[in-house]
């Protein structure tokens, strides 16, 4: 921290009488010491400003008083967080749909706090719904496995494998849904705390334009996409009765909703970064002081931590989703290519191959959205702030402000805003290109194997 700051408030005073939630929840939301130290400094600066009010003009007094009142707000105060948690209100419909699908049974149990409990009504409903759908999935799965074991035709074998793979996500819901619900609840709660801190620093509430309407459209689109996708497969592929789709609707909808949730979270972080950069630019243009830069450094670090928490909270969910997409693409592309080059079809595309192509396009779209959203969010978090820092006229800044600018730039370099699934993989466009390369290698091996097998069969 800056050498000019030699007096710190005790951390206990920060959470004094305003604490409503448990203090350990706040400690978990602020995961590293730098944010906690900056919070002490910001409160100290605002408390100093309180003693200067009497010597200022009326307008300045009002601004300073508002700033002092904002400094008294605390992210552990559930009622205060509830007022400023616009993101939760906007994407509440999406969370309700996840509860209906029995995927993520988290609830707004207290003002400003989202929790998960194995004894909650949402979790009990999720277990009952999942058990009921498990019976349906097993009934359909037995028939699909029977086809897989008895068929002798190559195309029917490929279709049977794909339909069995699409049943697998149902069985991992307890692992990738309920198993990470506690971490997801903490992540959602930290969004409310961040929005309150955003208001404290900028003086304006964080808004997400058209997000609520967009979520309604996306939610309806996910349901319609699942219905349309399954009906297309039922029409294009032989041996797929319409009643079998009953076991797949909630699975395809869940996959679509997971992709939509990732897009909404990434978009929200991108919106928050642009709004923060705009407010930062306006303030430093009026007053390029060390205290202002310090506050925005704290806020930026909080936003960067929020972006990293997104990947950590949903690591299991999207790791398994990526594996599912990779396997689906490899099998579907291989099956379609093998059927198209088969001389019996005269190198033409039939309904069967069209069904496989639909599956490939669907999975590739999911993978592209997943990678592209993360890439855009990562770029947006640092771009606007860096541009403002580099545009500051250092000749007009005092020594303390220059030191804060240096600290801010170093903080951005030392805490890069990235989305990582708990360190296993970094989610960006490089993941997309790497996945395409990996899928291509597997396809070349399978195609070479098929050509060698066909050649040996012909020679015999």
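Note: Cβ is positioned from N, Cα and C throughout, glycine not excepted.
Unlike curated records, TrEMBL annotations are generated automatically.
TrEMBL has this to say about the protein:
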- 121-141: transmembrane segment (TRANSMEM)
- 157-181: transmembrane segment (TRANSMEM)
- 214-237: transmembrane segment (TRANSMEM)
- 246-264: transmembrane segment (TRANSMEM)
- 318-337: transmembrane segment (TRANSMEM)
- 349-370: transmembrane segment (TRANSMEM)
- 431-449: transmembrane segment (TRANSMEM)
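Sequence-distant contacts of the transmembrane segment (214-237), counting only residues of its own chain at least 6 positions beyond either end whose CB sits under 8 Å from a CB of the stretch, comprise 90-91, 93-94, 97, 159, 244-245, 248-249, 252-253, 256-257, 260, 263-264, 351-352, 354-355, 358-359, 362. By the Cβ criterion (distance under 8 Å, sequence gap of 6 or more), the transmembrane segment (349-370) is not counted as touching the transmembrane segment (121-141), fewer than 3 such pairs being found.
Listed by sequence, the residues of this chain that lie at least six past the ends of the transmembrane segment (157-181) yet keep a Cβ under 8 A from its Cβ atoms are 102-106, 116, 123, 126, 130, 133-134, 137, 140-141, 144-145, 147-148, 151, 237-240, 244, 247-248, 250-252, 254-255, 313-317, 320-321, 324, 327-328, 331-332, 334-335, 338, 352, 355-356, 359. A Cβ distance under 8 Å defines the sequence-distant neighbours of the transmembrane segment (318-337), meaning residues of its chain 6+ beyond its ends; these are 154-155, 158-159, 161-162, 165-166, 168-169, 172, 175-176, 255, 258-259, 262, 311, 353, 356-357, 359-360, 363-364, 366-367, 370, 421, 424-425, 427, 435, 438-439, 442-443, 446-447, 450.
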